Every structure is written in C-alpha cells, then in structure tokens.
Amino acid sequence: MSVMFDPDTAIYPFPPKPTPLSIDEKAYYREKIKRLLKERNAVMVAHYYTDPEIQQLAEETGGCISDSLEMARFGAKHPASTLLVAGVRFMGETAKILSPEKTILMPTLQAECSLDLGCPVEEFNAFCDAHPDHTVVVYANTSAAVKARADWVVTSSIAVELIDHLDSLGEKIIWAPDKHLGRYVQKQTGADILCWQGACIVHDEFKTQALTRLQEEYLDAAILVHPESPQAIVDMADAVGSTSQLIAAAKTLPHQWLIVATDRGIFYKMQQAVPDKELLEAPTAGEGATCRSCAHCPWMAMNGLQAIAEALEQEGSNHEVHVDERLRERALVPLNRMLDFAATLRG
C-alpha cells in the first residue's frame with residue numbers, strides 16, 4: 001500500500017464543553033423543541049455519537065438516529081421541509097447536497113470533524129492532480145468541496161464492498177481521509193490504494209496495552225471495534241464494523257460482556273438492542289497514557305438541547321447550512337453513486 005502524503009500531526013483546538021443544564025432547564029428545552037419541530041414542519045436527524053438525551057428526543061419526535069449513510073437516506077426521503085441535523089458540519093452539508101429544496105439547520109455550524117479538518121481541499125486537489133490515473137474515493141467525513149473532487153463517496157458500512165468492486169474492475173484508488181480505515185479496507189480487499197493520512201481524534205486514541213489489561217479482567221468479553229481505530233486495536237477485535245454494524249454484532253455475539261471501541265454515544269442505541277448485556281468502554285487512557293477526546297467527540301457534544309432550540313427558533317447564518325449550487329451539483333454525483341451502490345447491496 002502506497003502512502004504519499006503524511007501531514008504533520010495536528011492538534012485541533014477543541015470547543016469548550018457545553019454548560020450542563022438543570023433538570024428543569026432540560027424539560028423546558030425538550031418541550032420547546034417538540035413544539036418548534038411541529039411548527040416548522042421539521043424532523044430531527046441525529047447521529048449515534050450525539051449525547052443520549054439528543055438521541056432520545058429524536059426518537060420521541062419521529063426522527064432518525066443512525067450512521068451517516070442512513071442519515072443521508074432518511075433526510076432525503078422524509079417529507080419534512082426542514083431537517084434539524086444533530087451531528088457535525090459535513091453531515092449538514094451532505095443533507096443540503098441531497099435535499100437542496102429543504103432548509104437544513106444545525107445546532108451549531110462550528111461542530112467540526114478531525115477527518116474533515118485534516119483533508120483541506122487545496123492540498124487534496126494537488127494530491128489528486130499528482131495521480132490522475134487513480135479513482136478518487138472519499139469517506140463521508142469530508143467537506144462538500146472534497147466530495148466534489150471525488151469519483152465516489154463512501155461510508156464505513158459499505159467501504160469494503162465498494163473498494164472490492166472497484167478493485168475487481170482493475171482500478172487504482174486514492175482513499176481519503178482516514179488512514180486507519182483505508183488500511184483496514186486495503187487489508188480486506190487487497191486493492192491498490194494510495195492513502196491520505198488523516199485520523200479520527202476519538203478512534204485514534206484507543207490504547208492497545210490498556211485494552212489488553214481490560215480484556216484480561218473480563219476474559220469472557222467480546223471486543224467490538226470501529227475500523228477508524230488503529231490496526232493494533234482492530235487486530236484484537238471479535239467484530240469490526242461501522243456503528244450500525246457494531247450494534248448488529250452486539251445482538252449476534254453470544255458474549256454477555258462487550259468491550260466497545262468507538263465513541264461512547266453509541267451506547268444509547270446499543271444498550272437498547274442488548275438490554276441484558278453489559279457494555280464497557282474500550283480504554284483511551286491508562287498504562288501511562290492520557291486522552292484528549294476520551295471516547296467522545298467534542299464536536300458531537302456541541303449538539304445540546306439549548307442549541308437545538310435556538311436553531312429551530314432563530315435559523316439564520318449561525319444555524320442554516322448553505323452549499324454553493326455549482327459545488328452541490330458536483331458533490332451530488334459521487335454521493336448518488338454511493339446511494340445507488342448501497343441500494344444494490346440491500347438487494
């Protein structure tokens with residue numbers, strides 16, 4: 001597997017942690033959000049990594065809790081005129097690309113993703129220009145501008161299948177931005193992949209030594225790992241997959257104890273799926289190591305109840321997602337290819 005671009009390790013400034021709300025304040029904002037959703041003909045589309053109270057509210061109001069692929073499907077098909085996307089910025093952009101006629105609101109437009117930040121479009125365009133004979137495949141965790149340069153967009157839930165398909169056609173591939181997922185896919189498929197060197201600040205922090213210690217403490221536990229994790233963590237897994245695939249694995253595996261190496265936001269839906277099983281966070285610190293994200297995306301945490309209420313009430317430049325029309329049309333092509341390919345897999 002070739003690697004051409006190795007940016008300096010970036011230390012992204014984390015946003016301040018949201019101020020905790022009192023029980024009364026939470027109740028107030030929950031009721032306000034429910035009322036505003038009805039008034040605005042809006043629906044919530046929330047990612048698995050948002051806080052449990054946000055996922056619960058999405059459930060209660062007829063919204064969607066899912067991975068980024070299903071978020072894209074749900075938002076495009078739902079009849080609501082407004083989508084409230086609880087996630088990070090690229091998810092709001094993707095919703096606007098697929099549903100330009102709808103108003104796309106986010107609790108904050110400052111909710112970033114380290115994979116998106118780690119793949120600036122100018123550098124990525126130069127990288128692609130240097131390898132014009134490669135098919136460009138980018139992860140969903142990228143900006144609209146990077147998607148517009150791509151031949152395909154992909155999510156982790158269909159990454160192996162898509163790359164296997166392209167490899168069967170004899171295509172050489174540029175993969176961006178996640179190096180760990182890229183290496184995992186290359187190992188699974190044997191494809192010729194030229195890999196960008198980005199990483200998720202959450203998954204990159206899982207620690208092998210500390211996980212080994214935890215495994216020794218819970219000998220009968222299964223280890224579930226998202227493929228954005230380092231190879232050494234993936235090698236320890238009993239199941240590897242996207243968020244939705246890990247929830248499915250939790251139901252299928254016979255183990256009573258499950259050690260989960262992904263953002264702890266997934267525990268809300270995973271525990272619903274396996275109420276009789278015990279879920280443990282894979283360690284991001286220990287054995288002398290420390291963590292910054294500590295198994296929860298700091299930008300996902302920005303999707304609080306107060307911010308959601310303000311987005312629905314205020315709209316405006318602080319909350320509404322806009323994508324340049326020419327850019328949107330270009331980014332729509334690889335996104336539609338992804339959705340069409342995913343539909344063939346669903347059969």
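Using N, Cα and C of the backbone, Cβ positions are placed for all residues, glycine too.
The [4Fe-4S] cluster site in Swiss-Prot is built from Cys200, Cys297 plus one of Cys113, Cys119, namely Cys113. For the iminosuccinate site, Swiss-Prot lists His47, Ser68, Tyr139, Ala140, Asn141, Ser156, His226, Pro227, Glu228; matching the candidates Thr208, Thr212, Thr243 against that entry yields Thr243. Sequence-distant neighbours of Asn141 (iminosuccinate binding site) (same chain, 6+ apart, CB under 8 A from its CB) are Ser68, Phe90, Cys113, Leu115, Asp116, Pro177, Asp178, Cys200.
Taking only the Cα positions, the spacing between Glu228 (iminosuccinate binding site) and Cys297 ([4Fe-4S] cluster binding site) is 13 angstrom. Per Cα geometry, His47 is the residue among the binding-site residues His47, Tyr139, His226 nearest to Cys297 ([4Fe-4S] cluster binding site).
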